[in-house]
Amino acid sequence: MSHITLTSRGKVVVATMAAVAAMGVTACQGSEPKPEGKAPVSAASQAEQAEQAEQAEQAEQDGQDTQDGQNSDATGSAGGEDIGSKAGSAGNAGSARCESSSMGLRVGRADIGAGNIRYSLVFTNEGKSACTLNGFPGASLLARDGQKIGKPAEREGAMGKPVTVPAGGSAHAVLHTINDGLSDKPCWKSASLVQAYPPGSKEAMTARVSSGLRVCGDEFTVTAVEPGAGA
C-alpha cells in the first residue's frame, strides 16, 4: 500500500484549493436570480378598481331589472294589440329604453275634483322606433328663473308594467297635489316649469306649465308610467 505524505507546503496548497472552491460555491449561490415580485398596488388604485366594479355591477343590475320586467310581462301582452297605435302599450317586450334625447315632455291641464288636483306628465317618443318606459319618473318643480321649488315628488302607487311607446306615441305619469285649505301646511310658490327624468334616465327634461302649478299641504306625488297621453 502506497502512502501519500503531505508536506507543510502541500497542506497549504490543499487549504488554498478548498478555500477557492468554497468561494466559488458562495458566488454561485449569490448569483441566483431572485423571483420577481408583483408591484405594490396603491390604495388609490384599489379604490378606483372597487368603484369601477361597483359601477359596472350597478349598471348590469339596472339593465337586468328592466329586462326581467319586460320578459315577465311578454306573455301577458294582448295578441291583437296594435303596437303602431299612437298610445303606448303595456306588456310588449324587445324595445330599448326610451332616452331623454329622443323624447318630448309636456304637462296636461289640471284635473280638479274632490279636493285633489292632478296633472298628466306626458312623454312623447320623437324617435324613429319604439322604446320602453318602465317605472316611476323623477319630477320636481321650478320657478321661471330655474330655481327649484319645494321637494321632488314622492312615488305613489304600484310599479306597474313596462310601457312600449311607438314612434310618435305617448305615455304618461300623473302628478298629484291637493287644494288650498285642506291642510294646515302652507302652499308652495307657484311653479312655471316641471323638471322630469324619464324612468331609468339621468338626463333631465323640462316642460312649461301654462297656468302654473302650486303644491299645497306638502302633498306632491307622481305615479308610475302608464300607456297613452292621459287626461
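Including glycine, each Cβ sits where the backbone N, Cα and C put it.
Quantities reported herein were computed from a predicted structural model and do not represent experimental measurements.
Pulled from TrEMBL:
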COMPBIAS  42-56  compositional bias 'Low complexity'
COMPBIAS  66-75  compositional bias 'Polar residues'
COMPBIAS  85-96  compositional bias 'Low complexity'
DOMAIN    98-225  domain 'DUF4232'
REGION    28-102  region 'Disordered'
SIGNAL    1-27  signal peptide
Arithmetic mean of per-residue pLDDT over the domain 'DUF4232' (98-225): 96
The domain 'DUF4232' (98-225), counted residue by residue under DSSP: helix, strand, coil: 3 helix, 60 strand, 65 coil
